[in-house]
Amino acid sequence: MEIGKQTRLSRPHRLSESSKVYRWADQANNLLQGLNEQRQHGQMCDVVLVADDQRIPAHRALLAVSSPYFQAMFTLGMREEHESEIELVGASYVGVKAVIDFLYSGNLPLDGGNIDYVLETAHLLQVWQAVDFCCQYLEKEVREDNYLYLQELALLYSLDRLDAFIDRFILKHFSTLAITSEFLQDVRMFKLCAYLSSEQVQCLNEETLFEVAFKWLKQKPERLEFALQLLSNIRFALIPFYLLKYYVLPNLHSLLPLDTSCKVLVEEAIDYHRKLSAQPVMQTQRTGLRGGVECLLLLGGEVSERGEGLSAEVCWLDEEAGKWVEETKMPAPRSQHCVAVLGGFIFTAGGSCSPDNGGDSASDMLYRYDPRRCHWIKGAPMNQRRVDFYLGTMGECLIAVGGRNDSGPLSSVEVYHPADDHWTYVAELPKFTYGHAGTIHKGIVYISGGHDYQIGPYRHDMLSYDPKTADAWNECQAMILARGWHSMASLEDRIYAIGGSDDHEDSMERFDVLEVEAFDPQTNQWTMIAPLRYASSEAGLAVLNRKIYVLGGYSWETMDFSQGTQVFDPDKEQWTLGPNLPKHIAGPSCVCLIEPELIDSIDTE
């Protein structure tokens, strides 16, 4: 073999033809480390950056791939493309050195002494990762004594991330920040409009928001031209009537004696307060709760604990804590009553005022609850006293279907018109019906099952009422199982009939129905699905976050009241157990309602 001449060795065995890629994991880090060492020793560098008369050597290629600013400078025919020294006019040496060091090392030391220089330079050179790190640093530094300065910094450099963070900070602490002279003097008009219109602004009440807007307008005469734009964000309907009339209007008149447009906003709210019963059908952007969250509420019922009878408690489910919290009390204890939501208000109607429910103690009372002020008012009573009936929201009205009272089972149906606070009869049911269940599905009223007399088996029937087509009840496909004292729910494209009880035909002995069936109006078919975990006649039901909640109830076989919560997930087609109720209870009502959000629930993170 000749010296220095390579030869190919013959293979004794054939190698595999399959390929494999090997990765040098540290190659990029080693490359940058090597380039940085060259730069520190002044080796292989082909450009010098000058700032504050100090020089920083670098590699054009690395600058170009790391910064759109340098990429354009070195490739678009600018004179700097061929210069060995480039002066960065207006840039500080502290900022340039920190950013260039960052491009080579990936490390960006930040502190109160260099942050302004680094941010300015990183923004100039369009090194956006460095800009983002500056924003992260500044977010940790936001306090009540510097947030306005940092907001101006964010606006100056178009730092959307920092700007949004400061907005959340201001919204969370609005009650304390907005009354300071610094805020009233320096906050920009478009920012204040955004805060006053926000669903997340944290403030004790709407009158305080008006006070902030009013004081901001008074700061400078030139601000008055923005009065309508600013005050349009105040929800005057949430301010008490007496304050609107004796505080808000006089102050507006003194500030804007010739203006009429702003006064119209207040007069609209005064009219809203005067039409008390019509408020549910007068809802607009300026009447709704700010930042409300949907909550599951449990109202009333019959309690099995010794010494207790009917409950007037209204509790809401704290999902995070997994417990029920009392919010208020109904005007009177009730069970077997019905509730519905219209225009953000709870209506509770009828029910029994005695544990001995049989119709003799049926009520005709209607009450309305306003979550904005935790306040109950009385509405016009129903034309007939009702217990064991159905109440639903139908457009801008409520509909009460069937039930019973001291005269016996009912077939009558009546509709409540909140605009003028009165009830009118509509088409009655084809049979006396009580102990049935109902739901509203895509604007149509459905009721199923129930009883017509004191004895005998329960019914399979399902009826529908569509006021848009005719004032009449129509027969639908009957349920697979007869049942009464059950629950119904509408969720997406299906209607559910849940639990209840029935009587054996031969012995008239009551038994629990755990089966659950789902109805598809498109195919007109019922399908059996996963049964309940345990019996639940006379339970409360509501739909929250695409899940069906069945609360409490009664077992006719064991004669026990339930304290449990059963939750149905339609995606998994299964029932799970939720947080226990405060007490063992049957005959409650449940509803989901938009409630005020707790101040501490808003986070700036």
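Every residue gets a Cβ built from N, Cα and C, even glycine.
When DSSP labels each residue, the domain 'BTB' (45-112) comes out as 32 helix, 13 strand, 23 coil, counted as helix, strand and coil in that order. Marked as domain 'BTB' by Swiss-Prot: 45-112.
Across all of the domain 'BACK' (147-248), the predicted model scores a mean pLDDT of 96. Residues or ranges marked as domain 'BACK' by Swiss-Prot: 147-248.
Summarising the annotation, Swiss-Prot assigns repeat 'Kelch 1' to 295-344.
Residues or ranges marked as repeat 'Kelch 2' by Swiss-Prot: 346-396.
In the repeat 'Kelch 3' (397-443), helix, strand and coil residues by DSSP number 0 helix, 25 strand, 22 coil. Residues annotated as repeat 'Kelch 3' in Swiss-Prot: 397-443.
With helix defined as DSSP H, G or I and strand as E or B, the repeat 'Kelch 4' (445-493) counts 0 helix, 18 strand, 31 coil. Annotated repeat 'Kelch 4' per Swiss-Prot: 445-493, in sequence order.
The annotation repeat 'Kelch 5' is assigned in Swiss-Prot to 494-546.
What Swiss-Prot records for 547-595 is repeat 'Kelch 6'.
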Secondary structure of the repeat 'Kelch 1' (295-344) by DSSP, residue by residue, totals 0 helix, 31 strand, 19 coil
